[in-house]
């Protein structure tokens, strides 16, 4: 499948870690901008200053948390590819569950099970949506009739023509 044709694992981990940091920082910045604006005192200057302060203090922390999640997920995913010898959706689902469990380990076994279930379910939904999207997109472009490549199988009266017209039209 083309979906899984990506760069080798050491670079994939760094790439996913950086992408997750960027998503967390931008998404966290937008969320914190609204939160800081809403929780600031009345007055546009106070609200804008509160919004900017919330962005500066919380967005990098959220980006770092996302980067840890992305790096751990990619590390487990690459390990699963190496161990199993194939790259399929089960690796991502298992990686999501293990990442959720590992990141919740400090909160106890109940939290680990809950986070593992959420991580696995979330990644299963993402992988399922990707598979459905690929199937529906490929159904839009069905394979046409297969033409023979061997010109000896064509009737003798029919010569292969050029896509730009036949040379005989100019004689």
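Cβ coordinates come from backbone N, Cα and C, glycine included.
Remember, predicted model here, so these are calculated numbers, not experimental data.
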From 63-77, 78-92, the residue range that Swiss-Prot assigns the feature transmembrane segment: 63-77
Cβ atoms near residue 78 (disulfide bond) (within 10 Å, other residues, all chains): 19
In the chain carrying residue 9 (disulfide bond), residues 6 or more apart in sequence that have Cβ under 8 angstroms from it: 74, 78, 81, 82
